[in-house]
Every structure is written in C-alpha cells, then in structure tokens.
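Here is the structure we will look at, set down as structure tokens.
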Amino acid sequence: MSVQSNSNSSGSLDGAPSCSQFSTGSPTPGSVSPLDIFAPRRHKEGMDELHSLDPRRQELLEARFIGAVSGNTGGSTGSASGGPKGLNNNECSSHSFGSLGSSSDKESETPEKKHFESSRGRKRKVDNQSESSQGKSSGRGPKISDYFDFQGGNGSSPVRGLPSVLRSPQNSHSAPGAIVRQNSSSPTSLCFMDHTMNLKQLSSRSVQTDLTLLKLAALESNKNLDLEKKEGRIDDLLRANCDLRRQIDEQQKLLERFKERLNKCTTMSKKLLIEKSTQEKQSCREKSMQDRLRLGHFTTVRHGASYSEQWTDGYAFQNLVKQQEWINQQREEIERQRKLLAKRKPSSTPSSQSPTPNESKQRKTKAVNGADNDPFLKPSLPTLLTVAEYHEQEEIFKLRLGHLKKEEAEIQAELERLERVRNLHIRELKRINNEDSSQFKDHPTLNERYLLLHLLGRGGFSEVYKAFDLFEQRYAAVKIHQLNKNWREEKKENYHKHACREYRIHKQLDHPRIVKLYDYFSLDTDTFCTVLEFCEGNDLDFYLKQHKLMSEKEARSIVMQIVNALRYLNEIKPSIIHYDLKPGNILLVDGTACGEIKITDFGLSKIMDDDSYGVDGMDLTSQGAGTYWYLPPECFVVGKEPPKISNKVDVWSVGVIFFQCLYGRKPFGHNQSQQDILQENTILKATEVQFPAKPVASNEAKAFIRRCLAYRKEDRSDVHQLGSDSYLLPHMRRSNSSGNLQATPASPAPSGIISY
C-alpha cells in the first residue's frame, strides 16, 4: 500500500522531464544542454520531492544509485533484446524537448503503473485486466530489479548510457536536479564528464589546420604590410580629398567672383545700350523734325465730320517745283522766239531774195503816207534775216533748249532722290509715332534676357523690336504678339494656336538662307513673343520701292538664293511649302541687292506630311489667305472640293519676284488691289506672261520666267527641277556677242568673290 501511495504521489509530478530529453545526438560546440537550462529548478524540485518520500522509498532509490555502475554493462544487453521494453525505450527516446512538462498519452510503463492498474482492475471488472499493456503483473509489490528493466541501449550512446534512474519515470518526475548535482561522487556524473570531454576534443580537432608558425608569421606580416599600404592609400586619398575640397572652394569663390563680375558687366552693358539707344532715338527725332521742314509732314484735314491725314511737301520739293516751272517758262519762251524766227527765215529761192535799199525806202514811205488807202494801221513786216543771222539765232535757241532739258533731267533726278528720302522720312515718322504709343518704349528687359532697344516696325497685331540678348551677347529681333482684349476666347485660342504652329515649323529650320528662330515665350495671357535672327538691312520690297528695279545679275543672284532655300525646305521631312513668298518676306542682309538674302515669315506655311500630302498634292484649307499677286491660278479655283497645292506654289512666286526685280512691276494685276484681283479673276486669266520692251532682259531669263509662270501646274517646274535649271547653274557665262548662255570652264575665282 505504501508503494501505491508513493507511486500516486510520484505520478502527480507531471511537469518533470521525460527520458526522451536526454536522447539527442552529439552536442555541437556552443550548444546549451537542456539539463543546464533546467538544472536549478529541477534541483530544487527534486530535493523537496526526496524529503517528501517515505523511508522505504528512499532506501529503494539509494539501492538504485549504488547499482548504477553494474547497470551500465547490463544496459547494453537489455537494449539489444527485443520486446516491449525495447519498444518503450525507443518511444521514450523519440520524444523531443518540446514535450517537456506535458503528460503524454504514450507515457512509458513502470512496475508501479502495472501494479497500480492491476490493483484498480481488481476493484472494477475482470475484463479490464486484459487491457493492461505488456502482460499482467502478480499481486505482490514491485521488485528492485523491475526498475532496471527499462535500461536499454548498448552503452555506446551518451543518451542510452545514462543511468537507469534518469530513464525511470518515477525518478524522472522526482529528483532530476539531484542527479545533475552529483557530479563528483556518482559514476553517472563521471560518464557525463567523459562524454563532454570527448565532444570538446572532437570540436577542437575540427578547427585544427596545417599552418605552421612561420606561415602564420608570414601571413601576419603580409597582412600588416597590406594594412600599412591601405592606411597609406587612405592617407593619400584623404590628402587628395582635402586638396580637391580646397580647390573646389577656391573654384567656387572664383566662380562667385566671375558671376559678380558678369553681373556687373551685364549691368554696364545694359546701361551703355540704353544710353546709346536713347541718343539714337533723340537724334532720329531731331533729324525727323528737320526733315519735316525740308521733306514735308502730315497735317490733319477735316472733311465734314471726319478727319484725315494729308501730306504736305517741304521746301525742298517746293524749290524743285519752282525750278521746274521756271524751266517750263523758259522752254515756252524759246519756242515762241523760234516761231518768230521762223517767220524771218530767209527764202531759199532767188526771187525771194532780200529787197534792195530803194525798195525798202519806198515801202516805208507808203506805210507812213497811208498808201493803198488802208484805213487800218498795219504792223510793219518783220525784217527778213540773212541766212547767217537765221542760223545763228537757230543755234542759240537749240543750245538753250538743250540746257533746259539737262536742267530738267537734273531736277527730275533730284526729285526722285527726294522721293526716296521722303519715303524713308514718312516711314520714320510712322515708326516714331508707333514707338511713342507703344507700352514697351522704355527699354524693358523681357524674360530677364532680352533688352528692347527701339521699334523696327508694327503690324496689325504685332510689334517688332530690335533687342539685345544679354545671355548670348548678340542682337535679336523680338516680335511681340498682342491680342485684342475684346476678342472672344475662341479667337484668341485660334491666333495663339496659329502662332505656336508657326513657331514649331520655324524652330526646326536651320539654313543660311532662312532667318533663324531663337526663342519663344509668353508675357501674359494676351501677349507672347518670338525671338528671331536680326538683319541690319531692309527687305526686298522696300528696296524695289526705292530703286524700282535692278540689274539681271543682281536679280539672278537673289533668285538663286531663294531657290536654294526652297530646296532645303523640300528636302527635310516633312517638307514645307512657304506659300507666302513675296519681296516683303525676303530680307536683304546688307540692304543691297548684291548681298545675301534670308527668307522669313512662315505664318502661312504648309506641312506636307504623309497624312495630308498625296500624289496630286495637299488640300488648300486656307483659301483666300496670302498675297494674291504672288499666288498661282490653282489657289483661286473654287469648287466643291478644296484645290490641291504642292511646292509649285512657291515656284510661281519665284517667277513673279524675278519678273518684278527685272522690270520694276508685277506681271499680273500691277496697279490693282487684292479685292480687284479677286473680283476680276485676274490671276485666273493670266494664261501667258507678257514682257515689256524695256528694260532689256536676256532670252534665257525670259525662258526661266516662263517655266516658273506656266499656267497649268502640270507644265510648271517643281522646286527640285528649278534647282537644277541651266539658267541658275553657277558655271554658265553670258556671251557678249550672241546674248546666249555658253558653258565655259570654271576658273578659280579669288577668295571672297562669288562667280556666276
């Protein structure tokens, strides 16, 4: 009964570790044993449990500890035998440390459990006795040898070589801490010590190498050398870094000084440019005031309820008019005297010879006495002159008429010169008036870059200023587009879209015969600007108004440059049709006809992309736009579908410009307005071009113009054919005798001279 009570009390210790916790493999270096983790707690619990056992239980445990030495040899044989004991030991050894403190349903059987279950079976039913595991035990109490039946294993494994007291269920629940603490007096502790030493030896052997002390010393010396090199390299890099930082600081300071100096230079440049522009404006106004008296000025004249400006000539024109009137009076007087002289012209026949002195006396007497009874007094007949006297007077009159004619030619030349100067004067007056009314007249700096100097011209919705680019240090032409504030938003958007389209087309162009577009920016919602290349000279239209016409060589040079630019526009992808070629859009760089030209104003340009351009050309969506004198007949055709155009539109414009340069007039609709041209279908009727007799032009030039002004666009040359035309080839020379073009070997021309 005491055994059963002890087994019940020992069986209540469910938190003690089982024997499977000691069945792990070989410990690795640095691993911590579960016995070491739970040793203090188990020792305390084991000591309390030992004191609570009865004396008989203590005697049994002491006898078990004493027989542990002999149990080590017997354990190997016991583990080799099969049966339920070996199975239970394997089950116990298969548990992991995760089952610590848990009561498993596969708990190992002990003699106490057998005895307890058999005793319980007697009280209940006989049928329950067959359910006990591994046979029935007798009614007597457990023997000491029953506690050693569960010592299995061959003794070679550290886990299986553990003493039986550790594998016993009762002792595993009773005093695990006491077993661990008995390391010096117990043989089991000695076994643990030997096993631990073996593990340490194995772990130490696994890290041993074949390195000798010399090799270690060499490696250490090499490592030290490498370390010294690295430290030296680090020091060098640190010094270089410090030097670079110092240089960066110096360069930064130098850059700041340069920036400050640049700002000072920019400020001074702005100041000097403004001073120069102010002086130029002042001198222009003074000169304009002086020319007002000499050349004329505008006066306001009232016509009913309206006012209009009327031009009044200055004293220079008035003097020329007076001189012209005097010359006319002198010419009339000479003509009158010549008529009188003709009456006194002597007769060429002998009968009409001069009378004798007696006959002349008789005639005088008759005249005084009133002979022939004539009641009226008759004037005396003019005295006939001799032949010598007549020729002498005739020669004098001819010389006087010739002198008057020469003076009249001089006056006419002076009048033409004054008219050209007057045109400049009128243009300057309008420019000054527009500049004074402009909001950009006080030299503002647009976009913090472009300093406006003075107004160049003004159009319908734009102003063009000469400006100075402070960043690039160059002159530029700034075109300021100002929208009408009273416009609808839709109209403003269309205008802005049109300007952006012109900017996108013009921005991608890069050719020496095309004005470059530098920049584009906005000032406000109703104002935006485009920055263009600045040219000192005027346009071709102003030149023709001043000089009427030019020589064929000069006109041919201009046409060659225009065709060169058109070839570039048709070689890029997508190709571009200018559509608005006219003398006003051709700038003379030097202001003369013998220099370079540049094409500008791509506002009406057409892009010939793959979507809109076909075999017959592209649709003209902006019919009615452009300058009518320079557009071909296909642009005026009205039908259900819009007309098709191609680069032959620009070829027609080239022919009109060439004709105007040679003859000083337009070939079609010269004195007509655009409205008259549209109403009278002037261009649609222009089937053939007519050349004036003067000035004289070569047949090759006329043939070239005919090829450009062919009425049907199918018969007209395109831009590529025009570029390879024989008339424009530079190696052709004109023969002085025949007037035809002859091919001559090109001789090396001196530098700076263009040979045509």
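Including glycine, each Cβ sits where the backbone N, Cα and C put it.
Swiss-Prot annotates L456, G457, R458, G459, G460, F461, S462, E463, V464 as ATP-binding residues; of K479, K485, the candidate listed for that same site is K479. Coiled coil is the annotation Swiss-Prot gives to one range among 163-201, 280-318, 358-396, 397-435, and that range is 397-435. The coiled coil annotation in Swiss-Prot falls on one of the ranges 243-268, 659-684, namely 243-268. Separation of the C-alpha atoms of V464 (ATP binding site) and D580 (active site, proton acceptor): 19 Å, rounded to the nearest whole number. Taking the C-alpha positions, the distance from L456 (ATP binding site) to D580 (active site, proton acceptor) comes to 21 Å. In this structure the C-alpha atoms belonging to D580 (active site, proton acceptor) and G460 (ATP binding site) are separated by 17 Å. For the domain 'Protein kinase' (450-728), the model gives a mean pLDDT of 88. Neighbouring residues of the recorded ATP site, listed in sequence order and excluding L456, G457, R458, G459, G460, F461, S462, E463, V464, K479, comprise I480 (Cβ within 8 Å of the Cβ centroid). Residue annotation for ATP gives L456, G457, R458, G459, G460, F461, S462, E463, V464, K479. The furthest Cα pair among them is separated by 14 Å. Here R458 (ATP binding site) comes close to R431, N434, S438, V464: these same-chain residues lie at least six apart in sequence, with C-beta atoms under 8 angstroms from its C-beta. Cβ contacts within 10 Å of S462 (ATP binding site), excluding its own Cβ and spanning all protein chains shown: 15.
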